[in-house]
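Annotated features, as they stand in Swiss-Prot:
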- Ala121, His122, Val123: (6S)-5,6,7,8-tetrahydrofolate binding site (BINDING)
- His226: site 'Plays an important role in substrate specificity' (SITE)
- Lys227: N6-(pyridoxal phosphate)lysine (MOD_RES)
Amino acid sequence: MDVQKELEKVIELTRSQNRWRRTETINLIASENVMSPLAEALYMSDFMSRYAEGKPFKRFYQGTKYVDEVETLAMDYMNQVTGSKFCDLRPTSGTLANAAVFRVLANPGDKALIAPVQAGAHVSHTKFGTLGALGIEHIEMPYDEENMNVDVDRAVKMIEQIKPKFVVLGGSLYLFPHPTKDLAPHVHSVGAKLVYDAAHVYGLMTGKVWSNPLDEGADFLNVSTHKTFPGPQGGAIFSNEEEEFKKVSRTIFPWFVSNHHLHRLPSTAVTALEMKVYGEDYAKQITRNSKALAEALASFGFKVIGEHLGYTKSHQVAVDVKNLGGGAYVAKTLESANIIVNKNLLPHDPPEAVNDPSGIRIGVQEMTRFGMKEGEMEEIAELMKQILVDKRDINEMRRKVTEMRSRFLEVKYALTYDLSKYNSKLIPMIL
């Protein structure tokens with residue numbers, strides 16, 4: 001083996017990824033985002049080589065004095081932007097945050113109610129994901145087709161009849177808020193807990209364009225830190241109930257996480273500070289952009305889901321593309337032109353259509369952070385029409401998409417700081 005040539009392969013693949021996804025593609029994956037240059041710079045630190053099992057100032061390792069301080073700061077900043085009393089940043093994903101909470105609230109064989117799959121329930125809420133792995137029986141609450149949401153009246157009856165250990169709201173195809181305030185009193189009346197999975201909408205929540213579930217009766221708020229909240233990949237658990245929170249916090253280590261990827265912590269802290277300053281403006285622009293994209297797509301003849309409800313109140317837009325070849329074909333075709341979306345089940349799709357659903361899911365949060373606004377959403381919709389409906393030459397369309405993206409390469413809604421005075425050997429993100 002020529003090690004030097006093999007090394008060059010790895011480096012070139014990394015350079016190619018950075019060039020393609022960071023400078024050439026219009027990224028519309030609803031579960032992704034981009035950190036600020038400052039947050040990225042701090043991500044590349046000695047923290048990534050270290051361990052710190054346990055909680056701050058109560059570790060099972062030595063050498064953690066700076067870890068303890070930065071983790072405490074990060075939790076404090078996150079509580080500030082969330083409006084919560086308690087935070088745990090050790091889950092390394094939103095799914096692990098869910099797992100820790102679910103495991104404490106129920107035992108194998110117990111029942112949990114979840115939002116209906118048609119209303120966007122995440123796979124971790126189902127028998128195919130975390131609940132199934134934990135042996136907890138999940139039961140879907142009734143679906144209201146007209147409102148594309150949980151049917152509150154029938155869900156209340158189900159809660160009173162089944163008396164589950166907990167109820168889960170939130171989801172992954174998530175256009176409209178779930179009825180936290182309407183269900184919380186009934187959940188608590190049967191001695192159950194209400195868990196809200198805000199992985200997708202956490203940044204909208206901290207930006208005050210999405211209601212805070214903790215203010216509406218949720219006992220736990222589980223999130224991802226890298227979707228509409230534009231931080232490093234990771235998870236977090238929030239609560240205002242000290243005793244319940246302590247029970248969950250005690251289980252994260254050693255049940256679900258040993259080392260919790262410490263290099264996330266400075267970047268998470270920086271992102272929280274950025275959202276304290278810019279979060280409301282960012283979230284408002286996200287929702288303006290998603291609405292503008294939905295309306296523009298509809299004007300070009302696309303079958304955008306939820307027209308009678310105003311299409312969306314989140315960062316997402318859902319489009320039925322069955323008549324254009326289906327979700328799998330459309331997602332691949334758009335990718336060939338450098339527009340990145342994902343195929344997605346729509347409310348009317350059967351679960352077995354997961355590999356070739358009728359829909360695509362679009363998220364505008366990353367392109368919003370690169371400075372795109374309503375006018376650019378209309379331009380994206382027209383590009384999609386030219387690719388999928390007019391069937392323009394794919395190479396020509398790729399050039400047009402890349403040219404458009406070249407105008408939006410600077411991350412907005414971000415703090416800056418001159419790190420050069422530290423003479424740090426920071427590894428640049430773009431090689």
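Placement of Cβ uses the backbone N, Cα and C atoms for every residue, glycine included.
Around the Cβ of Ala121 ((6S)-5,6,7,8-tetrahydrofolate binding site), the same chain contributes Ile114, Ala115, Glu140, Val168, Gly171, Ser172, each under 8 angstroms and 6 or more positions distant in sequence. Cβ atoms within 8 Å of the centroid of the Cβ atoms of Ala121, His122, Val123 (the (6S)-5,6,7,8-tetrahydrofolate site) belong to the same-chain residues Ile114, Val117, Gly120, Ser124, His125, Thr126, Gly129, Gly171, Ser172, Asp197, site residues excluded. Around the Cβ of the residue listed as 'N6-(pyridoxal phosphate)lysine', a 10 Å sphere holds 27 further Cβ atoms from the protein chains shown.
Mapped onto three states, the DSSP output places Val123 ((6S)-5,6,7,8-tetrahydrofolate binding site) in helix.
The distance from the Cα of Val123 ((6S)-5,6,7,8-tetrahydrofolate binding site) to the Cα of His226 (site 'Plays an important role in substrate specificity') comes to 18 Å. Most Cβ neighbours within 10 Å among the recorded positions His122, His226: this distinction goes to His226. The separation of the residue listed as 'N6-(pyridoxal phosphate)lysine' from His122 ((6S)-5,6,7,8-tetrahydrofolate binding site), Cα to Cα, is 14 Å. For Val123 ((6S)-5,6,7,8-tetrahydrofolate binding site), the count of additional Cβ atoms within 10 Å of its Cβ stands at 16 [all protein chains shown].
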